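What follows is a short report on a single structure.
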Ligand code: 13P
Ligand code: 13P
Ligand code: MG
Ligand code: MG
């Protein structure tokens, strides 16, 4: 077993009430029971269960490293049990994200989303777990960029000598299954050229640079990047993502990490995974999707780690300081909703090809004439 701590956030939509809005308490209680049994057996050190809208979120700490068969197996068994319960309760889309029957050592490619990182726990280790619903992994591109590379967001990049040298970004091309490392500030424009295409290039991890306060081979942020349609072959819901971000002492302060969500930027997802809308930061109690199955939203759980034990959570967006962002998000909702089925509210045609739209258009195929 490793000296280092691993934080694993593994999530899946296993069924919801009413429609795609939220996870009922019975399901969360069952997940807690399962994880508590694993904690008592010493498999995990600690855990918390959340819901981001209709997604069930397992936050676990342990010393087994990333991609541990035992930890992924535990998450899979927990989701399976919860999906069974969801079927009993006739919840909506029960078992939605459990796309394959058999577990073979890892949940990747089976439907659940995963963000996990192994690192040396510092004397004080603040972490924030972000959980989104009704959107996709690229929704994290803008805020993660802001935290670690934008001096107008993060004062520490300018005034803290231990951050001044910048960070390294691991960017994934999720269509071609390739990745590239880019350093900021020197390659900032190259980085932006990629991650502005947020449906294709996603920030997977952020690392410190060599020679800094933190080990350069231990990530300081990680995002889940699963693409459900590539597994299922057709639309089965968006890939509602999660991320873990470490903060302070050579990293962005907690307030700099949260500041990145003060602007409700447009993300794709929302109704039927087919619309652009603003990302609204909300407290846990508002983590349910309502208007037009949204708007897309994000919750933030703040912790201090104590030898792997989770001290917290603090409900970071439960603060009037984010009221203005929420108000702004709703103004944008009202504006963009009035476009109805028109782009750019509805996603561009190419992205609709992964939805049910082609089936509608098929009916018209024979009626097209040459012009
Ligand atoms: P304190 O002086 O309250 O520890 O705050 C330091 C800091 O970095 C705030 O962002
Ligand atoms: P989820 O991806 O959150 O299940 O939402 C699906 C949907 O179609 C919402 O309208
Ligand atoms: Mg759902
Ligand atoms: Mg969801």
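Note that Cβ sites are derived from N, Cα and C of the backbone, with glycine treated the same way.
In this structure, residue 13 (active site, proton acceptor) belongs to neither helix nor strand by DSSP; it is coil. Residues or ranges marked as active site, proton acceptor in TrEMBL: 13.
Positions annotated as active site, proton donor/acceptor by TrEMBL: 235.
For 238, the entry in TrEMBL reads active site, schiff-base intermediate with DHAP.
As annotated by TrEMBL, Mg(2+) 1 binding site applies to 13, 20, 54, 96.
Taken from TrEMBL, the feature dihydroxyacetone phosphate binding site applies to 20, 134, 272, 293. Under the DSSP three-state reduction, residue 134 (dihydroxyacetone phosphate binding site) is assigned to coil, being neither helix nor strand.
Neighbours of residue 293 (dihydroxyacetone phosphate binding site), defined as other CB atoms within 10 A of its CB across all chains, total 21. Annotated beta-D-fructose 1,6-bisphosphate binding site per TrEMBL: 20, 92, 105, 106, 134, 248, 249, 272, 293, 354, in sequence order.
Among the features that TrEMBL reports, Mg(2+) 2 binding site is placed at 54, 55, 133, 240. In the three-state DSSP classification, residue 55 (Mg(2+) 2 binding site) falls within a strand.
According to DSSP, residue 239 (Mg(2+) 3 binding site) is assigned to coil rather than to any helix or strand. Taken from TrEMBL, the feature Mg(2+) 3 binding site covers 238, 239, 240.
Residues or ranges marked as Mg(2+) 4 binding site by TrEMBL: 239.
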Within the chain of residue 54 (Mg(2+) 1 binding site), which residues six or more apart in sequence place their C-beta under 8 angstroms from its C-beta?
13, 15, 16, 20, 21, 22, 23, 92, 93, 133, 289
List the residues of the same chain that sit at least 6 positions away from residue 249 (beta-D-fructose 1,6-bisphosphate binding site) in sequence and have their Cβ under 8 Å from its Cβ, in sequence order, or write 'none'.
122, 124, 162, 213
Which secondary structure state does DSSP assign to residue 105 (beta-D-fructose 1,6-bisphosphate binding site), in the simple three-class scheme?
coil
Tell me the Cβ neighbour count for residue 20 (Mg(2+) 1 binding site), meaning other Cβ atoms within 10 Å of its Cβ, over all protein chains shown.
25
